[in-house]
């Protein structure tokens with residue numbers, strides 16, 4: 001009987017050891033997943049960043065995937081033209097060519113949210129409107145209304161996009177605007193570690209959905225659009241977009257949930273800042289700026305300092321990078337540096353040594 005018990009005890013001990021071994025392995029495996037939370041106000045470039053991760057570290061976009069973007073590109077073209085035609089009325093600009101009044105009426109009749117084709121009549125009307133001096137003046141005054149950053153890119157490419165065998169390029173896909181509603185997760189494997197990138201909607205109405213994303217966050221990746229210093233919110237036309245971004249950043253970095261998460265600040269759209277700073281002066285919107293006019297470098301350093309100064313904890317380092325989310329090589333380079341930072345900060349915890 002004693003012998004029998006001894007055998008049973010041995011077997012039980014073996015089973016317990018196996019269970020403990022499996023539990024340790026499960027814990028170790030769970031720790032090899034890094035959760036990166038992408039935050040920022042609407043249109044700061046979060047979704048574009050996720051697309052870049054898919055191109056650089058994932059499977060990219062197949063021909064079938066690209067075809068799925070055709071109608072969204074068409075919708076972006078019509079949406080941009082609608083925005084400018086509406087703004088022509090609001091800011092009281094006339095068309096230079098009288099016929100474009102008719103073209104504008106025709107384009108306004110197209111529902112840009114459901115359009116799936118780009119017919120030759122619409123193409124002619126869009127090309128004529130885009131060439132009109134009135135529309136060009138309206139485009140130059142785009143900070144006075146809401147217009148997507150990619151408007152010029154698509155409108156300059158209407159002839160190519162209107163081709164019958166059109167297939168969106170990676171750049172077309174990166175620039176397409178689809179507001180993020182809900183939460184998008186994109187996991188990718190890098191050196192046997194899973195990076196789980198979580199993109200949440202940036203518009204105010206989307207932010208209440210973030211709360212359950214806050215657990216076990218390795219790093220906060222906060223995006224700021226450098227070019228938004230002179231723009232107002234989609235939701236409120238008397239509030240500056242960059243002030244909203246600053247307020248959100250201050251809230252995020254002081255949240256109790258994130259006290260153990262590293263913070264990486266992406267100052268995005270540096271290309272648009274370089275373009276805009278030549279005619280729209282930072283000092284007109286941020287009087288404390290004492291740098292030179294038309295100095296993109298000085299402007300972006302000032303904006304970086306504004307955000308870093310919001311950090312109340314002297315022991316917490318804010319890691320910052322200037323980015324252009326539509327430039328794959330720039331993002332490849334920046335994310336390699338970010339990955340190294342994250343891994344260095346988590347060597348022990350994630351069993352990487």
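Even glycines carry a Cβ here, placed using N, Cα and C.
Annotated in Swiss-Prot:
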type: LIPID; residues: 3; note: S-palmitoyl cysteine
type: LIPID; residues: 4; note: S-palmitoyl cysteine
type: DOMAIN; residues: 32-353; note: domain 'G-alpha'
type: REGION; residues: 35-48; note: region 'G1 motif'
type: BINDING; residues: 40-47, 174-180, 199-203, 268-271, 325; note: GTP binding site
type: BINDING; residues: 47, 180; note: Mg(2+) binding site
type: REGION; residues: 172-180; note: region 'G2 motif'
type: REGION; residues: 195-204; note: region 'G3 motif'
type: REGION; residues: 264-271; note: region 'G4 motif'
type: REGION; residues: 323-328; note: region 'G5 motif'
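A map of Swiss-Prot features onto the structure.
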| residue | record | contacts (Cβ under 8 Å, 6+ apart) |
| --- | --- | --- |
| 47 | Mg(2+) binding site | 178, 180, 184, 199 |
| 174 | GTP binding site | 48, 51, 52, 325, 326, 328 |
| 268 | GTP binding site | 44, 45, 49, 223, 224, 225, 226, 323, 324, 325 |
Averaging the pLDDT values of the region 'G1 motif' (35-48) gives 92
For the region 'G1 motif' (35-48), the number of residues DSSP places in helix, strand and coil: 3 helix, 5 strand, 6 coil
Around the Cβ of residue 325 (GTP binding site), how many other Cβ atoms lie within 10 Å? Please give the count over every shown protein chain. 26
Counting Cβ atoms within 10 Å of each Cβ, the densest environment among the binding-site residues 178, 200 belongs to 200
Fewest other Cβ within 10 angstroms of its own Cβ, chosen from the binding-site residues 44, 180: 180
